[in-house]
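Here is what TrEMBL records for this protein:
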- B:34-53: transmembrane segment (TRANSMEM)
- B:65-88: transmembrane segment (TRANSMEM)
- B:108-129: transmembrane segment (TRANSMEM)
- B:136-156: transmembrane segment (TRANSMEM)
- B:190-210: transmembrane segment (TRANSMEM)
- B:238-259: transmembrane segment (TRANSMEM)
- B:271-301: transmembrane segment (TRANSMEM)
- B:313-336: transmembrane segment (TRANSMEM)
Amino acid sequence: MGQLISQIVLGLVSGALLVLLALGLNLIFGLLEFINFSHGALYMVGAYVASYLAVATGSLWPALLVVPVVMALLGAGLERTIIRPMYGRDQVDALLLTFGLTYVLIEGVRMIAGSGGRRVSTPELLRFQVDLGIVRLPAYLLFVVVVVGLVVAGLHLFLRRTDVGLIVRAGIRDHVMIRALGVPFDRYRTLVFALGVAVAGIAGVLTGPITGVYPEMGADILILAFVVVVVGGMGSFWGAVVAGLLIGVVVSLTTLYASVYAGIVPFVLMILVMTFRPRGLLGAT
Amino acid sequence: MTHLTTPSATDGTPTAGEAAVTVARLSGAAPARWTWGQLGLLVVLAVVVLFTVPNPSLAIGMLIYGLWAAGLNLLVGYGGLVSFGHALPFAWGGYAAGLTLLHVSSSAWLALLVAVVSMAVLSALVGAVCLRRTEVYFSMLTLAFAQLGFFIALQWDDLTGGDDGLAGIPVPTLWLPGTTVELNALRDPLTFFVVTAVLVLVVFAGLILYTESPMGRVLQAIRESEERARGCGYSTRLVQLATFVVAGAVAGLAGGLFAMLNNFVGLQPYWLLSGVVLIMVILGGRSSLFGPFLGAVVYLLLESTLSRYFASWQLIVGAIFVICVLAFPQGLWGLLTQTLPGLFRKRRRTR
């Protein structure tokens, strides 16, 4: 029983990280109308920046604040320089561009930091176990779930309760109309891309102490994040949250009971969803 | 909902096929004069590769990768369907051919036939799911299927050899009218090269025929506007599915040939190549079938030279790719057939 519960919590943790990536992908897809293939690579860059910061400052805490800012600036820079020329061109071109960017980022990191991974130590404050009665869990895992919860809540409030969020949501609905109303739409595109990348960066910071950082860490999680987006429904905020946690837990439980199938399960789930409910669990028609 | 049908082909009105041709021509698809000329260019390229590339297995690899990339370009360039999982049919073809050679017979024809036919069937099934939604959904679903295939190949090690790969594939024999030859890439690379070149040329001609056929034209019309093509009465999904099957079968053939070339099929080269083949297509140019061949040759040349001097050679390839998408979306082919002649024309005019 204890094993089952700890496995479910592990699944929720990996699912929560997937949620952060999927939400960024979803938001960028909604407003900028392309899938950011480099999202996984940017998550990896964020994790690396955090690992160096953690060594330099001796703690992960500064990274948790600095990395989102750095990643937002990086994202804004990328959007302004190489992604902007893609607007108005075929949707496919932006996808291909970010695909090429992935190569550059991964190889760049490999050149600077080497192919081997780096370990990131858990903040001292969180190096204890929490006793939940049936099972004892590392406090850091619970911390990750809390941070992800806060980020998701923050994003939700930003989109629902602020004027900027209102314009972003309106732009997702109909950007032609938004532009006709005189909104400087380009700025909002930069903002949303930067925001998505910053959230991916936070996911990178949080992952460090769990699995360490390595150049290919973005590739696998990106594919899973795609699966989450598709299963949850493209463009659906809560769809991504539900599907991310669901896939995290399902994969985690499969690892416990039938580890051979753990890699296959998310894709089978996605194929089932695409066959019987192509718009995703919570997607709009 | 009523089902729209094509305007009936009574006297005077254009037939469905002709209408599709017009649509495609208007949309500025492949310039007409280079249609069959590409076949000649491919012969020239094969001869140049044969005499200039010192490493025979690299030379044969160029033809195989070129064929694979040209098949993918049916989807990417002609159909506007970017597959991120084209390693799946390549690897499947490799395993199918390898297993046939290992367990059934050493006939090259049989092995390739099994690779192509089984992959066509599998493509029909995969395509039926992937094409439920197009554009980004399609890209992500193909990626997911490739990943799914990778995990299956990794776990089912009784059959595929798992992480170690399928080694010791016997040298196939090729039956030809009057004679049989051994396809041994190590001992007799020239025969292997010629056989591959002939096969590649025949399939390439078939691909040109496909893109020039009314169905190929409809495919391009769908890329321009699926709504309008559907409005014209074409069953757009069916055309896309047929193309998916053709591209899959071609990749299956390429994978089978690659397995014969190396006498080996494994996770390592096979499953990691979805991105590489896509780079070849974009680098070479997606507006023609010959472009991807150019892309394959250039990519493999870059790989074999850069990797000797520079460990992170993929950084350069990635940067070239990004620049290519930004500045030369039509790739090398576009550069050679449109940009350069354009420069000459301008210079003449100013004179």
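Just so it is clear, glycine is given a Cβ too, placed from its N, Cα and C backbone atoms.
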Listed stretch, out of B:65-88, B:136-156, B:238-259, B:271-301, that has the most CB pairs under 8 angstroms to the transmembrane segment (B:34-53):
B:271-301
In the same chain, who gets a Cβ under 8 Å from the transmembrane segment (B:65-88) while lying at least 6 residues past its ends?
29, 126, 131, 134, 138-147, 149-150, 200, 203-204, 207, 210-211, 216, 219-220, 222-223, 240, 243-244, 246-251, 253-255, 257, 270-275, 277-278, 280-282, 284-293, 295-297, 299-300
Which residues, given as numbers and ranges, are at least 6 beyond the ends of the transmembrane segment (B:238-259) yet have a Cβ under 8 Å from it?
61, 64-65, 67-68, 70-72, 74-75, 78-79, 81, 83, 86, 89-98, 101, 111-112, 114-120, 122-124, 126-128, 130-131, 134, 166, 169, 196, 199, 203, 207, 210, 215, 218-219, 222, 265, 270
Positions whose Cβ lies under 8 angstroms from the transmembrane segment (B:108-129), at least six residues beyond its ends:
88-89, 92-94, 96-98, 100-101, 141-142, 145, 172-175, 183, 240-241, 244-245, 247-249, 251-253, 255-257, 260
